[in-house]
Amino acid sequence: MDNKIKNALDDINMIKEVMNKTQQNLSSFSSFMISVGGIYLFYIVLEQITYYLMNVYGYSSSIYRNMSHILPFTLLFGYIAIWVIFHIKQKNNDTLNNKLVNIWGIILIGSNIFYWFYQIILPIGNNSIINMLVRVAQLILFLPVVVGGIVTAVMLKDIIILIFDIGFAIAYIFLFVGMKEIAYGTIGGIGTRIPLNSICLKIFLSIGFLLIGIYLKKWRKVHGNTVNTRSISD
């Protein structure tokens, strides 16, 4: 009888240990998403400062030129730094948490590198074809993010993330087709005009990622790693 009780207690302790590990399974990924959202918010602040320098000192000023040259790399290097930090912390690459971090690292870094090269080879001009190519460039950032959201929702079996991702995709496509523009970077001057779909993407990559990260953190605290409680397959 004593052996049975001892074995039962050992089994309970083992189950508790497994549960504790799996409860922490999404903690790193949720922190990763919050960090990504924070980096993009920081990028938006730098972007507004750059437009402010343009408005105040003009296109030809050295301070604006230097800032405009640095700005495109801050987001890419920020993503690389975050991914490297979380990748170094990973102890087991086979966990769901680590797989998601690696997937999003590839999506964010890869799409930004491809977008950067696309901008380099893009012809300079102001005709309808070039203007369309400029607008299409945003799809390089948009499509991987949407696919990543769907993959994340399926892997976590979480319908909330899926609905959030699809809602963003529908809003972006609607604004992209509408071709409406809005004033942007107007602090200290007139700034510029950018498509509303660009604003939509900025919101998703900053506030959207923060909300997803916070949602996953809160869900883990309340329900542990029961990611299939709100399952897509239910």
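Cβ coordinates are placed from backbone N, Cα and C, and glycine is handled just like the others.
Per TrEMBL, the feature transmembrane segment maps to 26-46 (among others).
The transmembrane segment annotation in TrEMBL covers 66-88 (among others).
Residues or ranges marked as transmembrane segment by TrEMBL: 100-118 (among others).
Residues annotated as transmembrane segment in TrEMBL: 130-152 (among others).
The feature transmembrane segment is assigned by TrEMBL to 159-179 (among others).
The transmembrane segment annotation in TrEMBL covers 194-216 (among others).
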*Non-local residues, at least 6 beyond the ends, that sit with Cβ under 8 Å of the transmembrane segment (100-118)*: 28-29, 32-33, 36, 72, 75-76, 79-80, 82-83, 86-87, 90, 93, 137, 140-141, 144-145, 147-148, 151-152, 155-156
*Winner by Cβ pairs under 8 Å against the transmembrane segment (26-46), considering only 66-88, 130-152, 194-216*: 194-216
*Near the transmembrane segment (194-216), which residues from the same chain, at least 6 beyond its ends, have a CB less than 8 A from one of its CBs?*
26, 29-38, 40-41, 44, 135, 138, 141-142, 145, 160-161, 164, 168, 171-172, 175-176, 178-182, 184
